[in-house]
Amino acid sequence: MGTHMGHVFTLANSIIGVSVLAMPFCFKQCGIILSILMLLLSSQISRLACHYLMKSAIIERMKNFEMLAFRTFGPTGKLIVELCIIGFMLGTCVAFFVVIGDLGPNILGPVLGLEHPSALRPSVLIGTAIFVVLPLGLLRNVDSLNGICAASLAFYGVLVLKVFFESSTNLFHPSVWGKVYYWRPSGLLRCIPIFSMALSCQTQLFEIFGSLPTTPLDRANAVVKSAVNLTTFFYIAVGFFGYVAYANTFLTGNVMMNFSDGASSDIIKICFLLSVAVSFPLVIFPCRASIYSFLYSKIQHSYEGFGSSHIPETRFQCITLVIVTSSLVIGLMIPNIELVLGLVGSTLGVFICVITPGVIFTTVSFKRNNERLLAQILVGAGLVIMVLGTYANLYATEEALTAPLDVPQKPLKGLPKPKDLPLQQNFPNPKEVERVDDALKKLKEEELRREKETSKDSVLSRDPEKKEDVLKNVSPGAFSDHNPQPEKADEGPKPQPIAPEPPEEPLKKIPINIPESLKHLEAPKKDEETTKRNLSPGYLFLRGLRI
């Protein structure tokens, strides 16, 4: 077994991926005990599916998933398997990019001094795709990643320790254990696809074992068992401690978003980003092989050794570029990681990793024994998981879009106090607001007083006397609205009444001299209809046009 530890590390690193970040979310949805049972059951299903797939490949002497499907189902089966592998691997790449987009800006934002780190998300994703993912995706040999995968698994051990220390405060606090869920079947349907995809490695089996000249079934089962058990341990540890640590906060599909601020959290996030970058080639390898088989490979009557066909360099680079670019574009539009894992896992993941191995083994094996019966049960369970899981994810997505925002009852950890917010300094003191209101009232009263004085001046402007002399003898209520009784004037000269305006002179008649030649003519008589016609709007309008 020691000679195959590199394959164990590589296979385990291809399994764990970004699904480990969603484990606290699943533990909260399903409860601690139910989540652990589901992980153990999913590990057994994954091991059983890998066993059926490898045994079918040994029986048919195939080292390629696509050609095994062709030998079993024909060209139609090969086409379906190719499309499912392509979609499943692209969905995994999208999940990788979503995680990088969530963590990268939060790390680089404080370093660059940006107030809104989310603006860096497109730049971080594009830079990671060009300078990290694409060079690693152009690798041809999977065995060259054995040492890097071992270091990546060591990081996941550090991640478990980090989550454990984050939960140390709540772990021994009795009040926390009364708030966590232990058995919550209501969230089971939504998390079953995540559990199933979290332990899937069926698409990477042929890429990892294909480099070996011969792989006995017992040795392959031992490698798969060690890798799946190691990954299950990481999932249970991160899910349990992460849920206990953040039981009073809002959990999403990325537990690192709940980490406390500090240098250790930033180091953990950077190391996780590196481990995700190392995992990209393990996802791109089967996706690239399926795309090449779908586009360029032609089925021949003699197809021994067809699965080990070499991809030309130009096509190899073009296919890799298409995979990275398409997953990058989709990753920029996906809002949360649990939605990606749930939808992809409930459809393509369950079909290619659970249903297809059982159907292939049932078709290849002609013996009616318990192993064949168990394969049929595996197919039925996969169909149920796919239908119910897809329905649950679509329903949860629709509910999240239509329902109001779910605000947690307790404040989120790490939020600043209201007095420490930078916006606090922009709000004025209440006493200053009162002084401003008083000043506005005085200003309004002053405007009303000036309007009254203006109205008095307009009335007195007709008097030829000076305004100063008149205002001295006029009482204050002379210009009020209710016309009060006039007060007695002080001693002194009485004001003269305002002289009335002289009447207008009537217009004088001007005689008109009519020539003698026109005096005998009479004015034409117009009838009533002609008068109405001349005064009609249409007639006046036409007359105006002529003028």
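One is the number of the first residue shown, and numbering goes on along the chain from there.
Just so you know, glycine gets a Cβ as well, placed from its N, Cα and C.
Annotated domain 'Amino acid transporter transmembrane' per TrEMBL: 7-392, in sequence order.
The transmembrane segment feature in TrEMBL is assigned to 79-100 (among others).
TrEMBL lists 120-138 (among others) with the feature transmembrane segment. Within the chain carrying the transmembrane segment (120-138), a Cβ under 8 angstroms from the stretch's Cβ atoms is held by residues 97, 100-101, 104-105, 108-109, 112, 114, 273, 277-278, 280-281, 284, 316-317, 320-321, 323-325, 328, 331-332, all 6 or more beyond its ends.
Per TrEMBL, transmembrane segment is recorded for 145-165 (among others).
The annotation transmembrane segment is assigned in TrEMBL to 227-247 (among others). Remote same-chain residues near the transmembrane segment (227-247) are listed as 8, 11-12, 15-16, 19-21, 23-24, 26-28, 32, 35-36, 39-40, 43, 46-47, 50, 153, 156-157, 159-160, 163-164, 166-167, 169-171, 176, 179-180, 198-199, 201, 255, 258, 413 (criterion: CB distance under 8 Å, separation of at least six residues from the stretch ends).
Annotation source TrEMBL lists transmembrane segment at 267-295 (among others).
Remote same-chain partners of the transmembrane segment (316-334), defined as residues 6 or more beyond its termini with a Cβ less than 8 Å from a stretch Cβ, comprise 89-90, 93-94, 96-98, 101, 121-122, 125-126, 129, 133-134, 137-138, 140, 284, 287-288, 291-292, 340. Residues or ranges marked as transmembrane segment by TrEMBL: 316-334 (among others).
The annotation transmembrane segment is assigned in TrEMBL to 340-361 (among others). Non-local neighbours of the transmembrane segment (340-361) in the same chain are 18-19, 22, 45-46, 49-50, 52-53, 55-56, 68-69, 72, 81, 84-85, 87-88, 91-92, 94-95, 98, 190, 192-194, 196-198, 200, 202-203, 253, 334, 372, 375-376, 378-379, 381-383, 385-386, 389-390, 392-394, 396; each lies 6+ residues outside the stretch with a CB under 8 Å from one of its CB atoms.
Among the features that TrEMBL reports, transmembrane segment is placed at 373-392 (among others).
Annotated region 'Disordered' per TrEMBL: 412-536, in sequence order.
Look at TrEMBL and you will find 412-425 tagged as compositional bias 'Low complexity'.
Annotation source TrEMBL lists compositional bias 'Basic and acidic residues' at 431-471 (among others).
TrEMBL lists 484-493 (among others) with the feature compositional bias 'Basic and acidic residues'.
Among the features that TrEMBL reports, compositional bias 'Basic and acidic residues' is placed at 517-532 (among others).
Residues 45, 48-49, 52, 189-190, 192-193, 196, 342-343, 345-347, 350-351, 354-355, 357-359, 361-362, 365 of the same chain, all 6+ positions outside the transmembrane segment (373-392), place their C-beta atoms under 8 angstroms from a C-beta of that stretch.
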